[in-house]
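Q: I have a structure I would like to understand better, so I am pasting it below and will then ask my questions one at a time.
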Amino acid sequence: MAFAHFVLIHTICHGAWIWHKLKPLLEALGHKVTALDLAASGVDPRQIEEIGSFDEYSEPLLTFLEALPPGEKVILVGESCGGLNIAIAADKYCEKIAAAVFHNSVLPDTEHCPSYVVDKLMEVFPDWKDTTYFTYTKDGKEITGLKLGFTLLRENLYTLCGPEEYELAKMLTRKGSLFQNILAKRPFFTKEGYGSIKKIYVWTDQDEIFLPEFQLWQIENYKPDKVYKVEGGDHKLQLTKTKEIAEILQEVADTYN
């Protein structure tokens, strides 16, 4: 059994806390696990209005990878919109990434602008229910921010999670942004960087926000090296199918680490 260093990457409006069930399980198996708070997320003191792009939002991940000792490699695990953080990081530090796991996640490609998969998500799932939106200006650019609605959280993200998990999400989610208009003008992700890393895609057809239509489209659009389909669960597989995700990550470590 191989041991790996997993770096867990949360989605927008969330924080490292989303991994609280998976992290100790992986550590009990002997793995090293780092769960990061991205900019203006979790306990990071910045506010989203201070952040002007998905790249700036990814700064804690980039800083972490920069500081890794020479020769050390990690396995990135990104949930939901965390796939964009993976792509940004891989373009800068592909030599430090043994593999990347996309957990019910956006899967960017290298043939279209970085907003391409987000645009498709919005086409497939346009109604974010009671989510509230606002605009702010950073570096002369108008950015749309959002605060996830409690109905959306319960019905579409934490669909099968227990009441405690849902309460945690209501208490700890913060304002965030998809930076969709900024991503639309960002340079494409590169074949030499992001395109060169091993990609593992994990999904369930019971996801109520990343619908099967969207997930199957992503798999076809930018074929990953390996696909795992989890039976049951919801958008937050790390909470509803924790054991199954840990088993998949062990297999990833055995294969790619």
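Placed from the backbone N, Cα and C atoms, the Cβ positions cover glycine too.
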Q: Write down the one residue from Lys226, Lys229, Lys236 that Swiss-Prot lists together with Thr11, Ser80 as binding 2-hydroxy-2-methylpropanenitrile.
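A: Between Lys226, Lys229, Lys236, Swiss-Prot records just one in the 2-hydroxy-2-methylpropanenitrile site with Thr11, Ser80, namely Lys236.
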Q: When you average the Cβ positions of Thr11, Ser80, Lys236 for the 2-hydroxy-2-methylpropanenitrile site, which other residues in that chain have a Cβ within 8 Å of that mean position?
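A: Near the 2-hydroxy-2-methylpropanenitrile site, beyond Thr11, Ser80, Lys236, sit His10, His14, Ile18, Glu79, Cys81, Gly82, His103, Asn104, Ser105, Leu157, His235.
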Q: For Thr11 ((S)-mandelonitrile binding site), which residues in the same chain are close in space, meaning a Cβ under 8 Å from its Cβ, but six or more apart along the sequence?
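A: Looking at Cβ-Cβ distances below 8 Å from Thr11 ((S)-mandelonitrile binding site), excluding near sequence neighbours, one finds Ile18, Gly78, Glu79, Ser80, Cys81, Gly82, Ser105.
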